[in-house]
Amino acid sequence: MSAQEFYQGGNQRGYQQQQFPPPPGGPPQDQNGGKQEYVPPQGQPPNYNMKPSQPYASTNPETGGQPVYQDTAPFSQANEKTGERMNPRKRVNDIIPLILFIAAVVGFAVVSGIAIHGFVQVNGLGGGMGDSSIGRTGSSITLDYHTVYLLLVVVALGLVIASLYLAALRAFTKIILEVTLALTVILNIGICIYYFIIQYWSGAIIFLIIALVSVFFYWGMRKRIPLAKLLLQTTIDVTKHHPSVYVVVFIGLIIQAAVSVWYTFTCIAIYVKWTPGSAACSDGGCSSSKVAGLVFYATFSYLWLSQVIGNVILCTLAGGVFGGWYYYGPRTPGGGVPKRASLLAFVRASTLSLGSIAFGSLLVTILELLRLILQLFRQYEAGQGDMIGSILICIAQCCIGCIQWMVEYFNKYAYIEIALYGKSYIPAAKDTWRLLKDRGIDALVNDSLVGTALMWGAYINGFLCAVLGYFYLRFTHPAYNSDGQYSAPVILFSFLIGLNESFTVGSAIDAGVSTIFVGLGEDPMVLAERSPGLFEMIRQVYPRVVQGVPH
């Protein structure tokens with residue numbers, strides 16, 4: 001089920017491929033293969049009613065001479081995309097992965113319930129929990145009002161700093177992109193020099209390679225800043241008009257945190273419940289192998305569930321506000337982004353497309369599990385003094401880590417295809433492969449520039465929150481920190497709060513930039529018809545946009 005069908009009940013908006021007539025007095029159309037060369041309009045250029053600093057764009061530009069773009073073979077198969085490809089059947093995709101995912105989550109919940117129930121019954125081995133008839137032998141830690149105030153102030157400061165950084169990024173996009181790119185290169189060189197000074201040779205060699213690569217690519221990436229700047233400005237403007245995207249990502253963050261806490265307690269409870277000799281092991285069915293197997297299963301289910309949650313959020317953003325803006329334009333009394341776009345996209349992502357999301361997430365989960373298993377083997381070999389075996393396993397870990405990164409990057413665009421066009425995972429992966437073959441370098445550089453700018457904003461936010469935590473402890477002198485023993489944990493926790501808040505806000509921006517990039521590759525003429533002024537600005541900094549992705 002496509003975004004258009006889902007939002008409009010199957011009514012098409014008329015985004016069929018058009019042959020733009022040449023402007024009056026312009027050269028005749030080239031009939032060779034139906035192609036025409038770009039010819040600027042004659043006379044006074046049309047007024048698109050759009051300022052360059054506001055790429056959010058109006059959906060109703062004044063009529064006038066239309067720019068003529070080169071019609072390649074044809075615009076990313078526009079007829080196909082506005083036909084059957086944009087209207088897949090309304091059905092649940094990838095049913096088998098969906099069933100496996102549901103079974104894994106239900107099994108995890110059952111194991112967790114049994115384990116935590118046994119854990120609570122024996123007071124958590126002195127952890128202060130359980131039936132009062134048995135006795136609460138554990139000690140508890142109570143947060144006083146100083147800690148509560150600190151957490152509230154740090155959270156508020158983190159949100160304010162994240163908002164201010166986005167405002168600065170919107171106002172000074174090009175400057176911040178250039179500065180953060182240069183800072184990344186300088187940081188890599190600095191870490192490399194530091195490791196050489198302290199004679200940490202393995203780390204020094206790794207960062208020497210990273211520094212050389214970053215210096216080599218620096219100049220090439222600078223040339224692509226104009227496109228990243230325009231897409232970033234457009235995305236920030238979209239989110240300014242639709243702040244619900246931030247609500248979506250923060251809800252996702254809260255759910256992820258809750259699932260992580262659930263997994264942590266489950267693993268602890270599994271050890272308590274089934275470890276031989278434990279007070280909770282009363283039925284004689286305990287063994288170390290059972291503990292290992294259940295922890296492995298819990299870890300697998302947790303990683304898969306965590307991946308699915310994050311990818312459902314991505315599909316909600318891509319198929320909701322950002323996809324709705326690209327295909328329908330800004331919200332107006334007569335149309336634009338559909339109402340409750342995020343809610344509708346979430347419903348589709350968590351029902352019809354959940355199997356496709358689970359399919360892609362399973363691939364990443366398997367790779368992450370392999371990496372964790374290799375980590376355990378490497379620690380074992382190092383403990384046995386087998387350095388050669390440890391080095392070989394470390395190399396294997398690096399290889400699997402690289403493969404995992406590539407699969408995750410590939411999957412991000414596949415999920416956007418799923419969110420926009422309602423595909424199952426395999427067709428989405430095929431179209432993503434075509435997209436990345438044709439625009440892979442452009443997408444990678446664009447994501448790197450945007451990601452670097454957002455990353456430095458997160459570090460700045462985390463640092464300022466940590467400074468606030470330090471000064472708060474210094475001037476309030478809470479009783480629990482009379483000897484300064486909790487200063488480091490509180491400062492670190494403050495840093496992590498600010499860091500995560502910025503990364504959460506940044507994930508919405510990253511999703512928007514990638515969604516618009518996919519739209520420009522798959523259906524460039526949609527934006528050309530809806531907002532020719534914005535499309536012309538993009539064409540000036542990225543001429544390939546008029547070609548579309550061949551299929």
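The count begins at 1 with the first shown residue.
Just so it is clear, glycine is given a Cβ too, placed from its N, Cα and C backbone atoms.
Going by Swiss-Prot, the topological domain containing Ala171 carries a different name from the one containing Arg474, and the two residues are therefore on opposite sides of the membrane. Taking Cβ pairs closer than 8 Å, the transmembrane segment (95-115) reaches residues 262, 265-266, 269-270, 272-274, 294, 297-298, 300-302, 304-305, 308, 354-356, 358-359, 361-362, 425 in its own chain, all 6 or more past its ends. Residues 146, 149-150, 153-154, 157-158, 161-162, 165-166, 169, 176-177, 180, 183-184, 232, 481, 486-487, 490-499, 501-503, 506, 509-510 of the same chain lie 6 or more positions beyond the ends of the transmembrane segment (453-473) yet place their CB under 8 Å from a CB of it.
Among the stretches 201-221, 245-265, 308-328, 489-509, the one making the largest number of Cβ pairs under 8 Å with the transmembrane segment (148-168) is 489-509.
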